[in-house]
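Some features that TrEMBL has for this protein:
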- 11-157: domain 'UBC core' (DOMAIN)
- CYS95: active site, glycyl thioester intermediate (ACT_SITE)
- 155-236: region 'Disordered' (REGION)
- 197-209: compositional bias 'Gly residues' (COMPBIAS)
- 210-222: compositional bias 'Low complexity' (COMPBIAS)
- 223-236: compositional bias 'Basic residues' (COMPBIAS)
Amino acid sequence: MNSNVENLPPQVLRLVYKEVTALAADPPEGIKIYPSEEDITELHTAIEGPEGTPFAGGIFRMRLVLGKDFPAAPPKGYFLTKIFHPNVGHKGEICVNVLKRDWRAELGLRHVLLTIKCLLIHPNPESALNEEAGRLLLEDYAEYASRARLLTEIHAMGGPGGPSGGLQEPGEGPQPKKHAGDPNKRAAVTTASSGANGNGANSGSGSGSSIGISGNVNSNVVVKKKTDKKRALRRL
C-alpha cells in the first residue's frame, strides 16, 4: 500500500508523529509499537495473545494504515500474523466498529489498539469476516477454540513462520540496511575490502620472503660446519 505522507496536511502529520512517539514511549500493556521513520502513516505493532483465550502465548503482528482522509476517516487495520478469528478476514483485514461507524477523530490510535486487543477476548460473530469462525463460535466453541489455538501455535508462536519468545523491543528484530542502496557507500566498502586483501597478500609475500632468507642462512651454516669438519680430519 502506498504512503499517504504527501496527502496529509502538515498539521495532521505533526499530530500523528506526536501520538506515535508517545505510544512508542508508553505503549498499552501487551502491545509493542514499531514506528517507521520513513512512513508515519503506517504503524506496525505486535499484540500479545490475551490469557484465557485460544490466542494466549502468541505474538500477533498487525499494522494500522492512515488514509489520506485521516483523522476524518478511521485508519484501516490488518493482522500480518495468520489468525482464526470471526472478525479477521482471510487477507488479515479487521472488522471492528471503531474502525467503521463508531470512529471519531478524538479517539486516537491508542483507543484503536486497545479495542483490537479486546477483540481477541470478545469476538463479535455478528459482524464476521471469517464466516466459518463465526459459525463455530456460536455453534461449537470447543471446535472454534481448537482451530484458533492450532493456528496460534503454528503462526504466532515459536514454530516455522511464527515469532519466538516475547515481544521484541522496537530496536530489535530485522532492520533495513541503511546504506544498501548508496553507491558511494558500496564503493567505499569495496575499496576498503580490496585494500585489506592487498595488505594480506603483501603480508603473506613478506612472510614467504622471510622464510626463504631464513632457509638460505641455515643451509650456509650446515655447509660451513661440514667444511670445518673435513679440515679437522685432515689435520689428524
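Heads up, the Cβ atoms here are built off N, Cα and C, so glycines get one too.
Source: prediction; values computed, not measured.
In the shown protein chains, 18 other C-beta atoms lie within 10 A of the C-beta of CYS95 (active site, glycyl thioester intermediate). Over the domain 'UBC core' (11-157), the average per-residue pLDDT in this prediction is 95. Residues of the domain 'UBC core' (11-157) grouped by DSSP class, helix first, strand second and coil last, total 63 helix, 25 strand, 59 coil.
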